[in-house]
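Everything on this sheet refers to the single structure shown next.
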Amino acid sequence: MIKLRSKRFSRSSSKLNNGGNSIKGGAEKACGGIRTEIKWELRPGGMLVQKRDNGESSEGEGMITIRVSTVSKWHDISIEATSTFGELKMILSLVTSLEPREQRVLFKGKEREDDEYLHMVGVRDKDKVLLLEDPATKERKLYGLAGTKPIETPCRTISV
């Protein structure tokens with residue numbers, strides 16, 4: 001944190017600038033001998049913070065690639081780091097033909113809820129996520145196909 005002093009108590013400017021690493025009025029900073037301007041941003045909570053560099057991909061920003069493992073296949077999914085596991089399930093439903101409610105997504109050995117954010121849990125670029133089919137829906141499909149409850153399909157008669 002920078003403490004700003006009033007002019008009458010501060011040293012002369014010639015004594016402060018001889019090292020080359022001083023901060024000029026809180027607007028510039030020395031970075032390896034190169035002076036760069038500090039940019040500020042106002043967060044939604046009202047906090048004034050130093051703006052992040054856009055050139056570097058920091059945690060919680062940008063697109064990441066997640067490797068999703070099903071029982072027999074791998075899928076590489078590109079998604080924003082600030083997405084939720086529910087949004088990931090929606091994308092996986094297009095790839096795996098499993099409905100989002102039939103999916104169980106595990107990361108670091110724990111099943112994740114639909115409203116949890118990827119970056120908050122710690123999912124980063126090139127991390128692996130395990131996708132399993134929900135055992136309850138698997139069982140329902142099995143009983144439906146075994147004939148205990150016959151599945152009635154609507155039929156139409158087409159007359160020519």
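All positions are counted from 1 along the displayed chain.
Every residue, even glycine, has its Cβ placed from backbone N, Cα and C.
Taken straight from TrEMBL:
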type	residues	note
COMPBIAS	1-10	compositional bias 'Basic residues'
REGION	1-28	region 'Disordered'
DOMAIN	64-132	domain 'Ubiquitin-like'
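DSSP labels the residues of the domain 'Ubiquitin-like' (64-132) in these numbers: 19 helix, 27 strand, 23 coil. Mean predicted confidence for the domain 'Ubiquitin-like' (64-132): the pLDDT average there is 91.
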